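Here's the structure we're looking at; comments come further down.
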Amino acid sequence: MADSLCRLFHLPPEMTSQTVEERGKWGSKKEFILSTAGAIIGLGNVWRFPYLCYKNGGGAFFIPYILFLVTCGIPLFILEIALGQYTSQAGNMCWRKICPLFEGIGYASQIIIFYGCISYIVILAWGFLYFFSSFSGELPWATCNNTWNTDACVVLNNYNATANWTSPVNSSSSVREFWQRRVLNISTGIEALGHIQWDLSLCLLLSWIICYFCVWKGVRSTGKATYFTATFPFVMLVVLLFRGITLPGALSGIKYYLYPNIARLADPQVWMDAGTQIFYSYAICLGCLTTLGSYNKYNNNCYRDSFYLCLLNSGTSFISGFAIFSVLGYMSVKQGVAISAVAESGPGLVFIVYPQAVTLLPWPQVWSVCFFTMIILLGIDGQFAGLESIMTSLTDIYPSRFRKGYRRELVLLFICAICYTFGLLLVSEAGAYILQIFDHYVCSGPTLLMMAILQSVVIGWIYGAERFYDNIEDMIGYKPLSLIKYCWLYATPLICSGTFIFCILRYTPLRFNNSYVYPWWAYWIGWFLAMSSLIMIPVTMICKLAKGKGTLWQRLKKSSQPADDLPVMAKEMASISAILHVRHGGKHGNIQ
């Protein structure tokens, strides 16, 4: 493909130099930490975790959350970072070296990332539209005098506090109408695709242009970009936090966020929500962490780094709850309604509730710019990691093809163009329905649980947890906590299997806003997208076994053995060779 692209663009010989570039490394540990933090700390920390706490028993929700974090989240996080660092490979190549029979895990993860790059970037397009709209003299979602508003539009301000005001029947807030009728221009269903919205398509194009130029030089450019994109959201979060907790009613909002309701722990769905949140917010089982870890130096202390990053991620989720619910408490006081009337999850929190909140604050444009700057940067870091993972996987498989001249840049441009083209469906009038299909079937839930089960089983039982512990010791100088090893062997696969079974048994057809029922073919598309990634695992296994020699057992055994060129394996072979060399007096010292 790279050769074809070079011929297509008629690049001169000097631009297609035959010199194969070396695989890069992070410029410093800071770049790795910031890039990984940017990949795992995203919108899920802001719009999902605080609402799940409130919905599932407040402070009591931390019990199942911490349990899943300790038994599944942290062990899998360490596994993926260490796997990338040990093999210095990403995606499927690291699994080819560890256990060739399960190379398909890498292919499956790259397909999931590809789908994620197509779908989730539309959230950046929405964020950019709100960001640019924030520079108007009056926030467009703060009034009912716009062309998209209906006769039922009302402006939610301080009026609810007065006893004489009553809401019109079937009224709709100006903020909600801006979201549904201006931004989404949402149709009646997924079958009514409608027109592509030109302003959103331009915002989507801007998002892809930024992503391209931040990733086009690999970790050399990505690492530098994260000095701003990964740190500035924390600055904005701190600013919004201090503004939120100083508002009237903030304490009541925080109380709703944290007040424990132990009785909610009897509901299995609470435990399910805790597990899915860990997978959703830690970017595990996607291959991104393996890619980021593969650019580390061999002796980097990835074990310690992983713990710090996990602490930072969960800490950010916890702090975000204070920033969000302090504002929700303020809204409930100003409007004279209960917290439950203003609390929402997902895009509704980011694009309806918080925009409504800033209209109640002094200098609303300033706070709106701050908030949507944070949202854009939180989303764009995850996009960097996804694109880098895809490109690194390709260059690791075909280094002689893609590490020459400007071939990497051309292939990346081609991938971005393909993703943008498919992404235009998500900025159509049915885009919100399509995004939910991707989110529900492809990038979360059973798909990631199955990947987690396979990863822990392959490392724990086939490659060997003890052997992998020795590999980590060779890198960092000591063995990690034994609990991590037992999680790979027992806790992680068992808990993920139980959650997977529960997820299947409790399956209910997807609905949009709990009301719209998708047509049958939309469900089939969702399941097809989900299976198109997982099917790569058995397909790759069959191909490996079919190409092998000997009996079926011999093929299974051989395809389950790690590569000889892995660092520890190479050291062992060198030691054996040296011993034989001494025994034979310098003759026949090499192992054939």
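Heads up, the Cβ atoms here are built off N, Cα and C, so glycines get one too.
Noted in TrEMBL for the protein shown:
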BINDING   GLY38, ASN45, SER281, ASN313, LEU378, ASP381  Na(+) binding site
DISULFID  CYS144-CYS153  disulfide bond
TRANSMEM  32-50  transmembrane segment
TRANSMEM  62-83  transmembrane segment
TRANSMEM  104-132  transmembrane segment
TRANSMEM  196-215  transmembrane segment
TRANSMEM  227-258  transmembrane segment
TRANSMEM  278-295  transmembrane segment
TRANSMEM  307-331  transmembrane segment
TRANSMEM  366-390  transmembrane segment
TRANSMEM  410-435  transmembrane segment
TRANSMEM  447-465  transmembrane segment
TRANSMEM  486-508  transmembrane segment
TRANSMEM  520-546  transmembrane segment
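Where TrEMBL records a feature, it is marked here on the structure.
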residue : record             : Cβ contacts under 8 Å, 6 or more apart
GLY38   : Na(+) binding site : THR226, THR229, ALA230, ASP381, GLY382, PHE384, ALA385
ASN45   : Na(+) binding site : SER281, ASN313, THR316, SER317, SER320, LEU378
CYS144  : disulfide bond     : CYS153, VAL154, VAL155, SER174, GLU177
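Remark: the transmembrane segment (62-83) contacts the transmembrane segment (486-508), by the rule of 3 or more CB pairs under 8 A. In this structure, the recorded positions CYS153, LEU378 were compared by how many other Cβ atoms lie within 10 Å of their Cβ, and the smallest count belongs to CYS153. Counted as Cβ pairs under 8 Å, contacts with the transmembrane segment (227-258) are highest for 32-50 among 32-50, 196-215, 520-546.
Ranking 104-132, 307-331, 366-390, 486-508 by CB pairs under 8 A with the transmembrane segment (520-546) puts 104-132 at the top. Its own atom aside, the Cβ of ASP381 (Na(+) binding site) has 26 Cβ atoms within 10 angstroms in the protein chains shown.
At the 8 Å Cβ threshold, with sequence separation of at least 6, the transmembrane segment (307-331) comes into contact with the transmembrane segment (32-50) through 3 or more pairs.
Apart from GLY38, ASN45, SER281, ASN313, LEU378, ASP381, the Na(+) site neighbourhood in this chain, defined by C-beta within 8 angstroms of the site C-beta centre, holds ALA37, ALA39, ILE40, ILE41, GLY42, LEU43, GLY44, PRO233, THR316, GLY382.
With respect to Cβ pairs under 8 Å, the transmembrane segment (32-50) is most closely packed against 278-295, considering the stretches 196-215, 278-295, 410-435, 447-465, 486-508. Other Cβ atoms within 10 Å of the Cβ of ASN313 (Na(+) binding site), summed over all protein chains shown, number 26. With a cut-off of 8 Å on Cβ pairs spaced 6 or more residues apart, the transmembrane segment (410-435) and the transmembrane segment (278-295) reach fewer than 3 such pairs and are scored as not touching. Away from its own ends, the transmembrane segment (278-295) comes close to residues 23-26, 32, 35-36, 39-42, 44-45, 48-49, 65, 68-69, 72-73, 76-77, 80-85, 87-91, 94, 106, 109-110, 112-113, 116, 219, 302, 310, 313, 317, 382, 385-386, 388-389, 392-393, 444, 448-449, 451-452, 455 of its chain (Cβ-Cβ under 8 Å, at least six residues beyond either end). Against the transmembrane segment (104-132), stretch 366-390 has more CB pairs under 8 A than any other of 196-215, 366-390, 447-465. Cβ neighbour count for SER281 (Na(+) binding site) (all protein chains, 10 Å cutoff from its Cβ): 22.
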